[in-house]
Amino acid sequence: MTQTPLYGERAIAEAELICFDNPRPGRPYEVSIELPEFTCKCPFSGYPDFAVLRMIYQPGPRVVELKAIKLYVNSYRDQSISHEEVTNRILDDLVAATDPVWMQLEADFNPRGNVHTVVRVSHGTRQPC
């Protein structure tokens, strides 16, 4: 029997990074977004990894829509991917979608096996606000 995907599963599967025009393109400002329920799978053990994602960026021409980023990061839930690769991939996708002046993404993974990992990546040059 084929089961129809639940509405949340469909929304995650269809997720794309939706952006809108920067309402203040001439003004330097920063946007800070925290996503405290990020999950993916360890590519070596298959165990789940949990992290808090913290993004700070200075918008260029586009700003990312909040529900879209939530659904996008939820799409990693069942992917087997390293901490380093997932952090860099998310940053690359966000940069491609928004073309920011500057962006930093920090992935603060929960300790597992007495090891705590924080991966921080950035793009561009931070401007004074």
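Every residue gets a Cβ built from N, Cα and C, even glycine.
Sequence annotations record features per position, and here Swiss-Prot assigns active site, thioimide intermediate to Cys42 based on sequence analysis. Sequence annotations record features per position, and here Swiss-Prot assigns active site, proton donor to Asp49. The annotation substrate binding site is assigned in Swiss-Prot to Val64, Glu65, Leu66, His83, Glu84.
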Lowest local Cβ density among Cys42, Val64, which the record lists as recorded positions, within 10 Å: Cys42
Among Asp49, Glu65, Glu84, which are recorded positions, the residue with the most C-beta atoms within 10 angstroms of its C-beta: Asp49
DSSP three-state assignment (helix, strand or coil) for Asp49 (active site, proton donor): strand
Nonlocal residues around His83 (substrate binding site), in sequence order (Cβ under 8 Å, 6 or more apart): Asp49, Ala51, Ala107, Phe109, Thr117, Val119
Under 8 Å by Cβ from Leu66 (substrate binding site), counting only residues of that chain that are 6 or more apart: Ile33
